[in-house]
Amino acid sequence: MTEIAHARTAEQAEFRLGMMAGLSAYLLWGFLPIYYTLTDEVSALIVVAYRVIWSVGFVALYLALVGRMGEVRAILGDRKLLSRLFVSACVISLNWLTFIWAIDVGRVLEVSFGYFINPLVSIVIGMVLLGERLNRTQAVAVCLTVVAIGIQAVSIGALPWVSLVLAFTFATYGYLRKTIPVGATPGLLTEALVVSPFFLALLLYLGGSGENVLPLEAPGLMAALIGTGAVTALPLILFATGARRLPLSVMGFMQYVAPSIHFILAISLWNEPLSQAKLASFVMIWISLAIFSVDMLRRGRGR
């Protein structure tokens, strides 16, 4: 076999590994609402606290195994990086809290809607914070998104705040992390480390107020709470593995897997009613995403 053939085979193997890792990450994120039904006996605040605290253990274990703890030590020695990661940690914590609360109260359709509009919200954030200009196709996609949000608002009699909080916090988090020069996994561990003391203090406060923050009498619930660290770390590790091996366009299309699963779960498992107005808002979003995706592909080919 020639060197070119060897290189091509290795490249194909890397692509397959990237596809498996990336798709696995989005599948895990898609089915995450089912996992959080295991923790619905305690408040969303307690679940988020456990998620942050136990993320430290699981992510630190992974980084120690792959020999990357040195990156974390370097970050901890840089006050400017720490302060920026503290802000991003607060943003993603709000995202997690909203997500888990919405699952607890059976508003999974709004979760799905939020993550569907996230790519388009990212465009708006780029326009506002980075001064990026919208091309005509992107402007049409954003306008359709605004119309879809308006339809949702009319449908539920109020702004779809769950969807908006999820979309804007996740898009803001993505923007912040792109501007912070740290790796995805070392960054996640540092974020968890800098906010863990606050969440530990929150658990102590809630425990002192009479809430059961350490349900040792319910081993299944306790195991599920501890496992929130693993279900946080594993998809991110898989995502990072995929992102290193796949074109951005492929990863961009994969991001629709999770909200699609949320949509199916909301209707089939949570039995959420899908009114004509809500369906119309989703159809509007799907059209805008199709327009956005075609534009993304066209620009990718033009480079």
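Glycine is treated like the rest: Cβ placed from N, Cα and C.
Annotation comment: TrEMBL describes 17-149 as domain 'EamA'.
Among the features that TrEMBL reports, transmembrane segment is placed at 17-36 (among others).
Look at TrEMBL and you will find 42-65 (among others) tagged as transmembrane segment.
Residues or ranges marked as transmembrane segment by TrEMBL: 85-103 (among others).
Per TrEMBL, the feature transmembrane segment maps to 109-130 (among others).
Per TrEMBL, the feature transmembrane segment maps to 188-208 (among others). Residues 43, 45-46, 48-49, 52-53, 55-56, 59-60, 63, 72, 75-76, 81-82, 85-86, 88-90, 92-93, 182, 214, 232-233, 236 of the same chain, all 6+ positions outside the transmembrane segment (188-208), place their C-beta atoms under 8 angstroms from a C-beta of that stretch.
According to TrEMBL, the feature transmembrane segment maps to 220-241 (among others).
The feature transmembrane segment is assigned by TrEMBL to 253-271 (among others).
Among the features that TrEMBL reports, transmembrane segment is placed at 277-297 (among others).
Summarising model confidence by region, the domain 'EamA' (17-149) averages a pLDDT of 92. For the transmembrane segment (42-65), the most Cβ-contacting stretch among 17-36, 220-241, 253-271, 277-297 is 220-241 (pairs under 8 Å). Using a Cβ-Cβ cut-off under 8 Å and counting only residues 6 or more beyond its ends in the same chain, the transmembrane segment (220-241) has close neighbours at 17-18, 21-22, 24-26, 28-29, 32, 35, 38-39, 41-42, 46-47, 50-51, 53-59, 62, 183-185, 188, 214.
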